[in-house]
Amino acid sequence: MLLSWRSLPPRVAVGRCASTIQASVQRFVPASSSIDSSALEQLQAFVSQASRLFVISGAGLSTESGIPDYRSEGVGLYARTNRRPMQYSEFVRSAKSRQRYWARNYVGWPQFSSHQPNSAHLALRDWEEKGKLHWLVTQNVDALHLKAGQQRLTELHGSTHRVVCLDCGQLTPRAELQKRFAALNPGWEASACAVAPDGDVFLEDEQVLNFRVPACDACGGVLKPEVTFFGDVVNRTTVHFVHNKLAESDAVLVAGSSLQVFSGYRFLLAASERKLPIAILNIGPTRADHLTDIRVSARCGEVLPAIQLS
């Protein structure tokens, strides 16, 4: 059961979204050419012909909101640093690793949670409201689709805006945990200059030695972000639910994902088996390029708002 998205900031009005990305976030968006008229016409026809569109979104949709991704050439986290995200096995077996993770997450949370939807998120929300979009599956954990007002939505890898107890399963808002961190660590301070796609930041080990991590207030168990860590698997019930939504759909659009992670790629394989038309909008190659009918390399924030719905 998901927490209510009403605990998140209200959705952004379309009129408040700039038509171009700000210079401060451009460093996270890979270089790309503007979409040419022919490619836009093909994608326009693809969307127009669909009546129950299934969309898979990825990190490339949120880079224009100032959230870096992992794999983009030249600007992704893997290209810029030698840091790697926390592995699930490391988190569950090591209290020291959890202390390090939560200390860094505590520092990064105010900035990470302040990010707002961009024009691509808002366009997809509008597609839903106008009956074009049947279901949206996002691989992102940033809650920007919820902030935009998307309702026909599955957060495949969970959300950093929720915290789960690994012992009793209780879900709580991440914002509430921030208050508990502050109360347990008065006077503790650390700063960081970079925030990762999951809200993590980079701190030296000695900076986190005295950081205290609260336990679940219901059972005293271990708290973890309600996200699928690297090395973990997506809940089977969630996967089955998404497959059912795919079966109800008549076309698939990938927006801002290289599909390198199998948890998302599996749905492209299933769509191909069902002989559903597939279009991919992403800067750079994807794992499913051989399965697609239409392949467009351009910014989601430029292309999706340009698609007209009849």
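The backbone N, Cα and C atoms fix where each Cβ goes, glycine too.
Curation does not apply to TrEMBL; its annotations are automatic.
Per TrEMBL, the feature active site, proton acceptor maps to HIS157. The NAD(+) binding site annotation in TrEMBL covers 58-78, 139-142, 256-258, 282-284, CYS300. Marked as Zn(2+) binding site by TrEMBL: CYS165, CYS168, CYS216, CYS219. Marked as domain 'Deacetylase sirtuin-type' by TrEMBL: 33-310.
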Counting all other Cβ atoms within 10 Å across every protein chain shown, which of the binding-site residues GLY58, GLY66, CYS168 scores highest?
GLY58
Pairwise CA distance, the residue listed as 'active site, proton acceptor' versus ASP142 (NAD(+) binding site), rounded so that it is a whole Å:
10
Using the centroid of the Cβ atoms of CYS165, CYS168, CYS216, CYS219 as reference, list every other same-chain residue with Cβ within 8 Å of it (recorded Zn(2+) site), in sequence order.
LEU166, ASP167, GLY169, GLN170, ALA215, ASP217, ALA218, GLY220, GLY221, LEU223
Find the shortest Cα-Cα separation between CYS219 (Zn(2+) binding site) and the binding-site residues GLY58, ASP142, ASN282, and name the residue that gives it.
ASP142
Specify the nearest of the binding-site residues CYS165, CYS168, CYS216 to ASN282 (NAD(+) binding site), where nearness means the distance between Cα atoms.
CYS165
Quick check: of the binding-site residues listed here (SER62, GLY66, ASP142), which one has the Cα closest to that of CYS165 (Zn(2+) binding site)?
ASP142
Find the shortest Cα-Cα separation between CYS168 (Zn(2+) binding site) and the binding-site residues GLY58, SER62, GLY66, ASP142, and name the residue that gives it.
ASP142
Quick one: Cα separation, GLY58 (NAD(+) binding site) versus CYS216 (Zn(2+) binding site), in Å?
31
Minimum Cβ neighbour count within 10 Å among the binding-site residues CYS165, CYS216, CYS219: which residue?
CYS219
Which value does the mean pLDDT take for the domain 'Deacetylase sirtuin-type' (33-310) in this predicted structure?
89
Expressed to the nearest Å, what is the distance separating CYS216 (Zn(2+) binding site) and SER62 (NAD(+) binding site) at their Cα atoms?
31
